[in-house]
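Notes for the one structure printed next.
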Amino acid sequence: MTRYKQTEFTEDDSSSIGGIQLNEATGHTGMQIRYHTARATWNWRSRNKTEKWLLITTFVMAITIFTLLIVLFTDGGSSDATKHVLHVQPHQKDCPSGNELPCLNKHCIFASSEILKSIDVTVDPCDDFYGYSCNQWIKNNPIPEGKSTWGTFGKLEQMNQLIIRNVLEKPAKSFKSDAERKAKVYYESCLDADEHMEKLGAKPMNDLLLQIGGWNVTKSGYNVANWTMGHTLKILHNKYNFNCLFGWAIGEDDKNSSRHVIQIDQGGLTLPTADYYNNKTDNHRKVLNEYIEYMTKVCVLLGANESDARAQMIGVINFEKKLANITIPLEDRRNEEAMYHPMQLRQLSKLAPFLNWTDHFDNAMQMVGRRVTDDEVVVVYAPDFLKNLSDIILKMEQTEEGKITLNNYLVWQAVRTLTSCLSKPFRDAYKGVRKALMGSDGGEEIWRYCVSDTNNVVGFAVGAIFVRQAFHGESKPAAEQMIAEIREAFKMNLQNLTWVDKQTREKAIEKANQISDMIGFPDYILDPVELDKKYAELNITPNAYFENNIQVAIYNLKSNLKRLDQPVNKTNWGMTPQTVNAYYTPTKNQIVFPAGILQTPFFDINNPKSLNFGAMGVVMGHELTHAFDDQGREYDKFGNINRWWDSKSIERFNEKSECIARQYSGYKMNGRTLNGKQTLGENIADNGGLKAAYHAYQRTKSDRDVDILKLPGLNLTHSQLFFVSFAQVWCSSTTDETNLLQMEKDPHSPSQFRVIGTLSNMKEFAEVFQCKPGKRMNPTEKCEVW
């Protein structure tokens, strides 16, 4: 995979973590909002003020609706559509508070209901705004069995899955394109209703082992005397697209973003981070022990002797420990320009002579009819890692034991990648390591796993299905207008920043103007001819899940290799339409908001602006601010790494960024301190995005009733609702194990600190909620970059 392609709003929900195939990632997952009935006793005195106000509101609303129904039925023949709009005009009297009635249309009532189900009025918003906004949500939404995290993102994602499932299970003749029919065939092969996978057992993998060149663990065709690492690596990388030892792909050149280039980076670890190999905590030791058990179980299922397999897999882990010791931590990989090392392949061969690099890449490119010579320029992002890796491998290749360990490691990378495509005993084998790693052994409904997997494989074909079913056309222009307003607010704020010099400020405004945005979905997916072209070379066969995954890997590899001599298409989407996320790509200077996130609770054109700007507006501001975070700021308006900042402004930017890093490093969760340096870019984007969205909201208030009248049952102004809407996006519950995993691997801060950290830096929040100086949510020292 490419090293640094895009910066996403949340951690990507994929089917694997750190190389281990899992059913659920560290991102936000979950489903339906739960509705709870009121308690049966109707004791007025026992009700609090909010409940009494709700009862009064409900009574008034019931009479209003009854009156309106009479009007509707007695005037049913009228052709004047305006007479049938269920709208209540505000009144200036007969209100319990002495104010006008709240907004009582169905959208306001629903929005109010959702907020009230989450909010905890017993918590002082100036002490803990996350608890104030989310405690009731957390109480009423325990993590379901089989899940490791449960939140707003996951609920919406799983509702999207249900929409997709309902279509995928329709007859093939109902689909509009061959690509969509391929999605259906793949989905059904994953469901495996006829249990073809169970009947085949280990056979597909054992057949593959022979094609790879054998495996010492299972005594399947491996001969140490004539085995070479370079030959096996060619097969794994260049034929089957398996990740091992290091990562490489064709990506956009950071210093010339109009062209593609071969990119090479560190890699090779199966567990999420190096810490898991070094037994830094009890949890790390537990995960490592379960990893050994997982490896051993799979080997035995493939025919190996248990004790012999365990011994050989411990050898693999010891090799991975060596990789862990030379792996550069995430927090030390944030300087884009410092990591960029272009060199010819002949130079790389001198740096890391364990591999004939020219031969390796020439072999890969033959798939698309392209030759590679010693003069080919590649970009290396971790030269020290490759040099150290070379030293390790050259030493191991000098002994028979070392060569056996290398064979075991390389083939294991293929085996563990495909265990989820085999029979149930193989799929169950990793439940233990998943439980240790994430606090849950999985167990979601098979159809959900298969919808997610189909999304990963033919995501734009599935996207066509989703868009036709769920995306409303009016959302796109409304979202585009919101982005324009937030961009304008961001630029206006730039004018007020005294720490940025005039020339840098002008160039920053130019870059902000140059940011392109893509919303909803790419147009071509609704054109069956164009969609079929995208997946024309992908072969999907009924009842052949294992082989289908092999074909998908080959298709993805070939698609990537074809890019090398092609100019960069800056309108290509890097995320499918049904995804509940958003991203910024620095080499394209582009922000993207898929249809999947342009839904309630993030966005609804019928909602008050305060709610839309607090939720979706902050997402938009977040992605826009990524263009100016500690990594994005290194790219100019054309998407190229270029020193366009004045040195004094860089110095002041670094000082302000250090304040953010210190702030978040001061937060603790489950006894562990957050890594503010690792999460710096996301924290800068969170803070800047919130500020831009709030200022845009204040500048664009409308005179619609929904934007003026209070929501029923909520004694909150719309400025306060903006912040509540923002916070409730992050309501979630997570296992302790997943919290640890996120703190060690995720570039985003945990949910509660994405709320507390940002709001405590924002003076407007303190003013709106009247938080006294020195309160937790209004500290005297605040951090601000943008």
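Counting begins at 1 with the first residue displayed.
The backbone N, Cα and C atoms fix where each Cβ goes, glycine too.
The feature topological domain 'Cytoplasmic' is assigned by Swiss-Prot to 1-52. If you look up Swiss-Prot, you'll see 53-73 marked as transmembrane segment, on the strength of sequence analysis. What Swiss-Prot records for 74-786 is topological domain 'Extracellular'. The domain 'Peptidase M13' annotation in Swiss-Prot covers 102-786. Annotated disulfide bond per Swiss-Prot: Cys103-Cys108, Cys126-Cys771, Cys134-Cys731, Cys190-Cys450, Cys659-Cys783, in sequence order, evidence recorded as sequence analysis. Under the heading N-linked glycosylation site, Swiss-Prot lists Asn216, Asn226, Asn256, Asn279, Asn305, Asn325, Asn356, Asn388, Asn496, Asn569, Asn715, citing sequence analysis as support. Annotation source Swiss-Prot lists active site at Glu623, citing sequence analysis. Marked as active site, proton donor by Swiss-Prot: Asp686.
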Most crowded position, judged by CB atoms within 10 A, among Asn226, Asn305, Asn388 as glycosylation sites: Asn388
Cβ atoms near Cys659 (disulfide bond) (within 10 Å, other residues, all chains): 15
Inter-residue Cα distance where the pair is Cys134 (disulfide bond) and Asn715 (N-linked glycosylation site), in Å: 17
Protein Cβ atoms within 10 Å of Glu623 (active site), excluding its own: 28
Local backbone state of Cys108 (disulfide bond), from DSSP in three classes: helix
Between Asn388 (N-linked glycosylation site) and Asn356 (N-linked glycosylation site): CA-CA distance (Å): 16
Nonlocal residues around Asn279 (N-linked glycosylation site), in sequence order (Cβ under 8 Å, 6 or more apart): Arg285, Leu288
Between Cys771 (disulfide bond) and Asn305 (N-linked glycosylation site): CA-CA distance (Å): 66
Per-residue Cβ crowding (10 Å cut-off), top of disulfide-bonded residues Cys134, Cys190, Cys450: Cys134
Of Cys108, Cys731 (the disulfide-bonded residues), the residue whose Cβ has the fewest other Cβ atoms within 10 Å: Cys108
Within 10 angstroms of Cys108 (disulfide bond), Cα basis - recorded positions out of Cys134, Asn325, Cys659: none
Inter-residue Cα distance where the pair is Asn216 (N-linked glycosylation site) and Cys190 (disulfide bond), in Å: 30
